[in-house]
Amino acid sequence: MRKKIVAANWKMNLTLAQGEKLVNELLQSGIQLDAHKEVVIAAPFPYLIIVKELLKGHPGFYVAAQNVAAEKAGAFTGEVNAEMLHSIHTDFVIIGHSERRELFGDSNAIVAKKIDLSLSHGLKPIFCCGEPLEVRKAGTQNAFVAKQLEEGLFHLTVAQLKNVVIAYEPIWAIGTGLTASSAQAQDMHAFIRSQVASKYGAAAANNLSILYGGSVKAANAAELFACEDVDGGLVGGASLVAAEFAGIVKSI
Ligand SMILES: O=C[C@H](O)COP(=O)(O)O
């Protein structure tokens, strides 16, 4: 049975005090996780150690970095590498988020390097993919996402893929209040799973968690998560309010 996962992506928001308050409120919000459900908090780098500490003793809660360097180590001022993240017990890392792709030049080739370095240091990548509005309007979203998968992810072995989570985030739905309909989400998730099945076989595809991201909130989470191939969400804005995020987690 594949894992159901809800991940909070705080992006570049919250002071440390606000982040600590949010985590504490979340832990007190009555979330019940079984062995097949996980909550991941992608906090800014400086808070990772502290958030990890706050989550201690709460099984099923994990921390993620929002990015990782594409280089191993060395003279790369301002970068944080996979080994460093592992050394502070980071569990997951978001790779290839559309904001990184669009604003910071993360190409499919760079994404592939980040995936490799993360896996080789025991981090679980949350690989993001998704099309911009013009591609959706042209109806070529499947080909667009297939290329992202092919160039960013499909060089992995089947054993490596076991430690990867995919997040499908249509760019037109991120932070816009526009959510993909559950039918649009299901169609794309089923397509992604079929691509994985063709490359790695049905068992690998069935075990892979595929999250939806893009204006997920407590009010639409249950409908999205009810789709057969939607295994949870990657949540931006709504992860910054404890009650709202707890409502989303309770929908998995
Ligand atoms: O990583 C999260 C996504 O970019 C979704 O953001 P959003 O929930 O604010 O639309």
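For all residues, glycine too, the Cβ spot is worked out from N, Cα and C.
Note that the structure is a prediction, hence the values are computed from the model and not measured.
According to DSSP, Trp10 (substrate binding site) is assigned to coil rather than to any helix or strand. Per TrEMBL, the feature substrate binding site maps to Asn9, Trp10, Lys11, Gly175, Ser215, Gly236, Gly237.
The active site, electrophile annotation in TrEMBL covers His97. Listed in sequence order, the residues of the same chain lying 6 or more apart from His97 (active site, electrophile) and placing their CB within less than 8 Å of its CB are Asn9, Gln66, Asn67, Asp106, Cys128, Glu169.
According to TrEMBL, the feature active site, proton acceptor maps to Glu169.
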Subject >> Distance in Å spanning the most remote Cα pair of Asn9, Trp10, Lys11, Gly175, Ser215, Gly236, Gly237, given for substrate >> reply: 14
Subject >> Conformational class of Gly237 (substrate binding site) under the three-state DSSP mapping >> reply: helix
Original post:
Per 10 Å Cβ neighbour count, which of the binding-site residues Asn9, Ser215 ranks highest?
Top reply: Asn9
